[in-house]
Amino acid sequence: RRWCFRVCYKGFCYRKCR
């Protein structure tokens, strides 16, 4: 099953899917 979550690091936010 694929799921995505938001990752924020040092002012950068991006979507990470596994």
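Counting begins at 1 with the first residue displayed.
Placed from the backbone N, Cα and C atoms, the Cβ positions cover glycine too.
Here's what Swiss-Prot has on this protein:
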type	residues	note
DISULFID	Cys4-Cys17	disulfide bond
DISULFID	Cys8-Cys13	disulfide bond
MOD_RES	Arg18	arginine amide
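Here the features listed in Swiss-Prot are painted onto the structure.
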residue: Cys4; record: disulfide bond; CB count, 10 Å: 9
residue: Cys8; record: disulfide bond; CB count, 10 Å: 8
residue: Cys13; record: disulfide bond; CB count, 10 Å: 8
residue: Cys17; record: disulfide bond; CB count, 10 Å: 7
residue: Arg18; record: arginine amide; CB count, 10 Å: 7
Tell me the Cα distance separating Cys8 (disulfide bond) from Cys17 (disulfide bond), rounded to the nearest angstrom. 14
Using DSSP and collapsing to three states, where does Arg18 (arginine amide) fall: helix, strand or coil? coil
Rounded to a whole number of Å, the separation of the Cα atoms of the residue listed as 'arginine amide' and Cys4 (disulfide bond) comes to 6
To the nearest whole angstrom, what is the C-alpha distance linking Cys13 (disulfide bond) and Cys4 (disulfide bond)? 13
